[in-house]
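A short worksheet on the structure shown next.
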Amino acid sequence: MSASARQLALQILYEVSIEGSYANLALSAAFSRYQPEAADRAFCTELVYGTLRRQGTIDYILGRFCGNKMTKLPPHILLALRLGAYQLFYMSKVPPSAAVNESVKLARRFGHQGTAGLVNAVLRNMDRRRTEIAGAEFWPDKQEQPAQYIAARYSHPLWLVEEWLQRFGFDDTEKLCDFNNQPSPYTLRVNTIQTSRREVISRLASAGITAHIPAYPAEALQVESNGAAVGQLINEGLLYPQQLSSMLAAHVLDPVTGQTVLDACAAPGGKTTHLAALMQNRGQIFAFDAHEHKVNLIEQNARRLGIGIIKAAVADSRHLDMIPDAAADRILVDAPCSGLGVLRSRPDSRWRKQPDSSGELAELAYQILSEAVKKLKPGGRLLFSTCTISQAENDQNTLRLLAEHTEMAARPIEYLPEVFERKTSKQLLPFEDSLEGFFFALFEKKQ
């Protein structure tokens, strides 16, 4: 694999880890600028996402070999070490000599001969001591330091592991962290306004791509990679990249053709356009986001998918004065949240999270929910959803809404009884449902 792919990966990791960029956006921007070959693009993507996903484990190993020096390393040199370690321990097709030598070249390019020598010595020492690293004694003791053990072995922030241990116990926390470290399958929703799943599968097959059909929902497909043929179908508006858990929201809300629907936190428009598809592109959907560039994304996606019933606008969904009270038949509040349920598909996000963020986000979500209640017709339905597994953001807001808005009642979820069990709310958990951790709570306004 070319050295340029590794250098590009290091530059992207610098943007993500040091400058605060989002990995998916940094990758997309870099690929648009440099136009790497397909093989280099795939290799660079694996290096970036893999190194971020395993960063905690890699840093634990590096800390054992570098000691106090690690905290004093220049950012580019630390990143070169992380890249080298990821290739050594997680990329079996990369020869150890290549992992070491190419990392040394990066350290020389972004540092000097001394930093190159350090990277060479550390990585070669790690490679020689693989057996020791694989042994139980190298890691924190599972019995005496369970949080430290899981944080190191499964590459998660210690504070988050400690929270999950209190809630889920050791076994389920270990399963949850392991789930988050698995590559996220590339999942797509078929745009049923324009085509059928059968037709899309046929198009993919003609391009040599096998599509896998998940158990649910009926519009979903999974493919091994997002190659040119998949990209073509996306550009034609026949497919939309969307996680399985995210696709469930529109089905749970269950809009009817011709209804008025409000999507309070709509960008980039995945759930909004799915609602429109279930409505057969008949009715009206008001879609809001607080940022103009995100509203533009909603409009772009709607046009590409051939949807004409979405009216997107910039708005603070805590104050929807432009919508009359009791105007909507269905409302979706896919609230801003900590995103702790989707760490698998966002490898960099676990390192951005802060332990005190759930309280502020829960209050913001509740203010949006309270405004949504005003806009809902009697007999109308409100779906509160998030992509987090935080009880403060999910369960507590659900209870608070019912306590403070007596005009609202919890409504059993009729969709997918094998998953939702006809409960009024459901927290999907990866170690129970093999899906990313979304939350759903369905309400109905009393007549």
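Placed from the backbone N, Cα and C atoms, the Cβ positions cover glycine too.
The S-adenosyl-L-methionine site in TrEMBL is built from C265, A266, A267, P268, G269, G270, K271, D289, D334 plus one of D178, D316, D356, D395, namely D316.
A sphere of 10 angstroms centred on the C-beta of D316 (S-adenosyl-L-methionine binding site) encloses 13 other C-beta atoms. The maximal spread of the S-adenosyl-L-methionine binding site, taken as the longest Cα to Cα distance among C265, A266, A267, P268, G269, G270, K271, D289, D316, D334, is 19 Å.
Rounded to a whole number, the C-alpha distance linking K271 (S-adenosyl-L-methionine binding site) with C387 (active site, nucleophile) is 13 angstrom. Neighbour count (other Cβ atoms within 10 Å of the Cβ, all protein chains): 28 for G269 (S-adenosyl-L-methionine binding site).
Residues within less than 8 Å, Cβ to Cβ, of A267 (S-adenosyl-L-methionine binding site) and separated from it by at least 6 positions along the same chain comprise D289, H291, K294, V295, L297, I298.
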